[in-house]
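Scroll down for the structure; my scribbles are underneath it.
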There are 2 protein chains.
Amino acid sequence: MVPSPDSRPPLRVAVLGCGVVGTEVVRLLTTQADDLAARVGAHLDLVGVAVRDVDVERDPVVDRALLTADGTALVEKADVVVEVMGGIEPARSLLLHAIEHGASVVTANKALLAQHGPTLYAAADEAGVDLYFEAAVAGAIPIVRPVRESLAGDHVRRVLGIVNGTTNYVLDRMTSEGLDLDQAVKEAQALGYAEADPTADVEGYDAAAKAAILASLAFHTRVSLDDVHREGITAVTADDVEWAARTGHVIKLLAIAERGEDADGTAGVLVRVHPALLPQAHPLAGVRGAFNAVFVEAESAGELMFYGRGAGGVPTASAVLGDVVSVARHRVLGGRGPVESSYADLPVLPTAVARTRYQVRLEVADRPGVLAQVAAELASRGVSIEAVRQSPSVEGAPARGDASAVAHLVITTHTAPDASLRATVDAVAGLDVVRSVVSVLRVEGI
Amino acid sequence: MVPSPDSRPPLRVAVLGCGVVGTEVVRLLTTQADDLAARVGAHLDLVGVAVRDVDVERDPVVDRALLTADGTALVEKADVVVEVMGGIEPARSLLLHAIEHGASVVTANKALLAQHGPTLYAAADEAGVDLYFEAAVAGAIPIVRPVRESLAGDHVRRVLGIVNGTTNYVLDRMTSEGLDLDQAVKEAQALGYAEADPTADVEGYDAAAKAAILASLAFHTRVSLDDVHREGITAVTADDVEWAARTGHVIKLLAIAERGEDADGTAGVLVRVHPALLPQAHPLAGVRGAFNAVFVEAESAGELMFYGRGAGGVPTASAVLGDVVSVARHRVLGGRGPVESSYADLPVLPTAVARTRYQVRLEVADRPGVLAQVAAELASRGVSIEAVRQSPSVEGAPARGDASAVAHLVITTHTAPDASLRATVDAVAGLDVVRSVVSVLRVEGI
């Protein structure tokens, strides 16, 4: 049974970083102290909060006497270290120092894990302490624990995630309000959903770090940030969004990790982040605003989805506290959480071999026989067509049959390797009846 | 680190029951043996499968030599016992016997947990073994683990669940195809989604057992099946479904567990299962067919949803195997999973004090002043109206002003205690301008 919290010495908790998330972690540790003690079986004693500048004005929930600029000294006197400072250094060094001193660690730092996960795992394993990081992927949504533990008896085939709330908000506003990308980004900035420099979000870096972590967990294979094929949303236009809707889709920035094989039949893992068309009926299509969701396809479990707030200080702090309770319980009752599972050690394959579908929008000459010519080009390359829509591209354009008349052709393919689809688009672009390739987007979720 | 599986003796696994789920558990234990060993750090050795009749023909994946009718002897020689036989006895006695003999146990048996959870928890606690039951609620969907562990540092306010696939399929078919209840139930039976005797599903017993388990976990309070207010879907008509759509709702059978307080301000837990109107924009409204989903509102994490297959042998077996890996890892690496958490020990309050909303459909005299009279009755009881729709109830009915003319009045209230709403409906039914109360449904998800 869980011992009475009063029957043993308290566990010493150190918090590294006191930004939005850190402040909420301190608030929960303080206001929920009795509940946490009941759940852990020991009191949690906040022994310090490491910050860069102890003199900055802060939320009054943070006792100034706990602030210190000496993170190294702080982690040496803690049983549990919570890292919510972000960035690579000094977070990495402080966590390694904490682990070497026997502390269990909880981090919300996706960039650190995506780049130095194996080093941290190895250190925690060596020291026999826990390394938990639920908050690093999709904020408050419990996804790390289900993938690491609940699906431990199953085989994951694919993970599709909306794991960046900023870009989901932007694409959602483009869809629902017809905004263009710049307008939607400005709105997101005004609401605090996007940073002044939105690069990490709109270029997909944030999503790519989370994709690397999810792929590592789902496929028992080390996947680092550099392994992730990444395309942001900056090329997505209001026109793309409108055409997506006309063909029964929505555009989402997806993090995709899946099993696949290369041309030789070698099994491996494919990991990519890019904007994609999703059928409107797909469970992820309904994920609105700044929400996140992760859709998992497993051999036995079938389709699962996890939905919730992917960012924000308060939701992220909830995930951090869940981890704190887990690692603290292990210190009271014994035991260890999951360690790195990389036994499958699959190769990370290039996106070129990923089987996907394209929707290509073309401006073509508006005369009979054009579609036949384009279709023949696709067929000659083994790419079959799922749907075609043709319409005059411009109101008041020259009438059909006029040599300068232009039609808009939207072609959705069946599944084929990404490289074949890419080569086919290049070949189609070279046809003399094709004026321009307006846009190329992958179609996922089938 | 996880030891090499070959470095230690295998763990002995016994399976109780060999129906659809049991067969799939045996299949996964057999076909995934190497992966499971890598994840656990020990080989899992299936030592026997207890069945009522060893002579029945079975799936060839089940080695006949492993079958035994003597469950008691079987559990005595196992380290991990998986109970997928269902029903109260002999499941209860066998699990208690297994626990006393030091085995960790995994069960998918919601009825057993809802009725005898505290006894099983106490026995496992006494013996120092694990009791896991992810598969008992919402099949393959990881919900028990997130609520028990990921949200351990948060406060759950409310859980809304679609936890019975049969009734969700039936209501979905009524919604999408306009079927009436009997037709939809027959279709579900033909597809194997409903039993020949569908009582446990359509009357809400199955959902009530899951509601009791979810409420216990979410609120750290013992809640048994008898504490759950239960209404099934048998009174739901095609007309109700159609009116739900007209007012922007869908009808779902919901399992609801929430914090509340009684008239004296005493805090407690409310647990109920009933059909309810959900706004079409609510994330649960899009849960189609036989899928399940659980929507959780927590103080810090905000809104979370967990979605997937709630039944079926293969998905349920996935959840069972995830638990098997967890408890087996504890035997290899030490440690214990979560134990019963009932420290909050809140009273279970009657549904009468639950704050909810009603949508009431009335047949009323079709003449001026009727709506005013009905509205006055509501106002006099402190129930305020959110929306009203009035329309002739029958095509070709007597014209308005005719003494026998009838109109259809649909009133949606704001939030009020269930008992006040109920009393108000009774009072309205007694007004001489009201011909009949056609239907009364709660509106949830606001």
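Each position is counted from 1, following the chain as shown.
Cβ coordinates are placed from backbone N, Cα and C, and glycine is handled just like the others.
TrEMBL annotations: computationally assigned, not manually curated.
For reference, TrEMBL has these:
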ACT_SITE  B:Lys210  active site, proton donor
BINDING   B:Leu16, B:Gly17, B:Cys18, B:Gly19, B:Val20, B:Val21, B:Gly22, B:Thr23  NADP(+) binding site
BINDING   B:Lys110  NADPH binding site
BINDING   B:Glu195  L-homoserine binding site
DOMAIN    B:359-442  domain 'ACT'
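Features per TrEMBL, on structure.
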| residue | record | Cβ contacts under 8 Å, 6 or more apart |
| --- | --- | --- |
| B:Leu16 | NADP(+) binding site | B:Gly22, B:Val49, B:Ala50, B:Gly71, B:Leu74, B:Val75, B:Val81, B:Val82, B:Glu83, B:Val84, B:Met85, B:Ala91, B:Leu94 |
| B:Cys18 | NADP(+) binding site | B:Val26, B:Val49, B:Ala50, B:Val51, B:Arg58, B:Val62, B:Leu67 |
| B:Gly19 | NADP(+) binding site | B:Val84, B:Met85, B:Gly86, B:Gly313 |
| B:Val20 | NADP(+) binding site | B:Gly312, B:Gly313 |
| B:Val21 | NADP(+) binding site | B:Val84, B:Ala108, B:Ala135, B:Gly313, B:Thr316, B:Ala317, B:Val320 |
| B:Thr23 | NADP(+) binding site | B:Arg58, B:Asp59, B:Val61, B:Val62, B:Gly313 |
| B:Lys110 | NADPH binding site | B:Ala136, B:Val137, B:Asp206, B:Ala209, B:Lys210, B:Ile213 |
| B:Glu195 | L-homoserine binding site | B:Thr166, B:Gln189, B:Asp201 |
Across the whole of the domain 'ACT' (B:359-442), what does the mean pLDDT come to? Round it, please.
89
Inside 8 A of the center formed by the CB atoms of B:Leu16, B:Gly17, B:Cys18, B:Gly19, B:Val20, B:Val21, B:Gly22, B:Thr23, which other residues of the chain have their CB, for the recorded NADP(+) site?
B:Val15, B:Glu24, B:Val25, B:Val26, B:Val84, B:Met85, B:Gly313
DSSP three-state assignment for B:Thr23 (NADP(+) binding site)
helix
When the binding-site residues B:Gly17, B:Gly22 are compared by other Cβ atoms within 10 Å, fewest goes to B:Gly17
Counting by DSSP secondary structure, give me helix, strand and coil numbers for the domain 'ACT' (B:359-442).
23 helix, 34 strand, 27 coil
Cβ density check for B:Lys210 (active site, proton donor), other Cβ within 10 Å (all protein chains) comes to 28
Would you identify the secondary structure of B:Gly17 (NADP(+) binding site) according to DSSP, in three states?
coil
With H, G and I counted as helix, E and B as strand and the rest as coil, say where DSSP puts the residue listed as 'L-homoserine binding site'.
coil
With H, G and I counted as helix, E and B as strand and the rest as coil, say where DSSP puts B:Lys110 (NADPH binding site).
helix
